[in-house]
Amino acid sequence: MASRKLLLLPGDGIGPEAMAEVRKVIAFLNSDLNLGFETEEGLVGGCAYDAHGQAISDADMEKALAADSVLFGAVGGPKWDSVPYEVRPEAGLLRLRKDMQLYANLRPAICYPALAHSSSLKPEVIEGLDILILRELTGGVYFGEPKEIIDLGNGQKRGIDTQVYDTYEIERIADVAFELARTRRNKVTSMEKRNVMKSGVLWNQGVTARHKEKHADVQLEHMLADAGGMQLVRWPKQFDVILTDNLFGDLLSDVAAMLTGSLGMLPSASLGAADSKTGKRKALYEPVHGSAPDIAGKGIANPIAMIASLAMCLRYSFGLVAEADRLEAAIAGVLDDGIRTADIWSEGNTKVGTTEMGDAILAKFKALSA
């Protein structure tokens, strides 16, 4: 049996505590299900700066490039607020994305039935929500040149950011969207601002052409991004996969995540190009939440987003769909049982710590895997 190579990068703050619960699940996948995961560990973020003077070492970057997949915790904290900009903790994540050439960011928005009341929307609008926002991660206005502030010499300044997309960038992210839709409900909604932006016109043309050329079996609709934001709040369950650029994806994915009322419980994935020989994509999985230094080391952090990130990893990097389904069902089942960490606790539920939540999910996963 071929081994499955995983690099674990716990990072800073609550990252190590959450990753400890993931290790338990991986141990079970190996010992009881014989799935052959090989794990290595490395440093990223502030802890890497403390050890090496940089946010990720070249050696750990090599481990990331050699792995089938990377599981990332969280980085940052006030301890490193004054370090030089180029070695700040967040630079470790940026280097991982850049060197691994991760251009497709997947942000699911899932409403767990037991937490439907946590949303600011009516339960009938949000209950059963399961959508996926696919954001182009390496192009667009965040990376386009020129990017500068110019002194106009008359007491005025001008800030310049440039939105740039090439056809190949649009085509490759569109391919990912259609591939993902086939594994879900077979629908892609592409969002841009073609009415006022030339890059939006090209985006629309590129997605349409790619659909006609390679993916005509998938339903495709186009929507202006501002209208898409409105529809996300009005009736989010109309969507399956939302495909959009870097800027709009940044905005819309946070809107979609908060629909669920549980931003800190959601996972994400960043994927790269498919290998020409194996078809596998480089991938990094991480919780949406930050490092939460204020609660680090207290044993009260919620590990659900980190465990859900492992479920995404099983699904998208290793094709272990049944195992991913069971792990996600285990999370939902524990929530149905009223087990809560402090961040999602309410009257009438059972408050537990990080370890207890991880143990409960693992026990449920074991029962579902029997």
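The backbone N, Cα and C atoms fix where each Cβ goes, glycine too.
Annotated in Swiss-Prot:
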BINDING   77-90, 290-302  NAD(+) binding site
BINDING   ARG97, ARG107, ARG135, ASP226  substrate binding site
BINDING   ASP226, ASP250, ASP254  Mg(2+) binding site
SITE      TYR142  site 'Important for catalysis'
SITE      LYS193  site 'Important for catalysis'
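Distribution of Swiss-Prot features across the structure.
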| residue | record | DSSP class |
| --- | --- | --- |
| GLY77 | NAD(+) binding site | coil |
| PRO89 | NAD(+) binding site | coil |
| ARG107 | substrate binding site | strand |
| ARG135 | substrate binding site | strand |
| LYS193 | site 'Important for catalysis' | coil |
| ASP226 | substrate binding site | helix |
| ASP254 | Mg(2+) binding site | helix |
| ALA292 | NAD(+) binding site | coil |
| ILE300 | NAD(+) binding site | coil |
Spatial neighbours of GLY77 (NAD(+) binding site), counting only the recorded positions ARG135, TYR142, ASP226, ASP250 and Cα distances within 10 Å: none
Candidate nearest ASP250 (Mg(2+) binding site) in space, where candidates are the recorded positions ASP81, TYR85, ARG97, TYR142, ALA292 and distance is Cα-Cα: TYR142
Listed in sequence order, residues with CB under 8 A of ARG107 (substrate binding site) and six or more positions away: LEU132, ILE133, LEU134, ARG135, GLY249, SER253, ALA256, ALA257, LEU266, SER268, VAL288
For ARG97 (substrate binding site): DSSP state (helix, strand, coil): helix
Shell list (Mg(2+); ref centroid = CB of ASP226, ASP250, ASP254; cutoff 8 A): ALA225, GLY229, LEU247, PHE248, GLY249, LEU251, LEU252, SER253, VAL255
Chain-internal residues, separated by at least six, CB under 8 A from ASP226 (substrate binding site): LYS193
Fewest Cβ neighbours within 10 Å, where candidates are the binding-site residues GLY77, PRO89: GLY77
Rounded to the nearest Å - Cα separation of PRO89 (NAD(+) binding site) and ARG97 (substrate binding site): 14
Listed binding-site residues (ALA292, ALA296), ranked by Cβ neighbours within 10 Å, top entry: ALA292
Shortest C-alpha distance to ILE300 (NAD(+) binding site) - which of the recorded positions ARG97, TYR142, ASP254: ASP254
Candidate with sparsest Cβ neighbourhood (10 Å radius) among TYR85, ARG97, TYR142, ASP250, ILE300, the listed recorded positions: TYR85
Candidate with sparsest Cβ neighbourhood (10 Å radius) among ASP81, ASP254, the listed binding-site residues: ASP81
LYS193 (site 'Important for catalysis') CB neighbourhood, other CB atoms within 10 A: 21
Nearest of the recorded positions (ARG97, TYR142, ASP254) to ALA292 (NAD(+) binding site) - Cα to Cα: ASP254
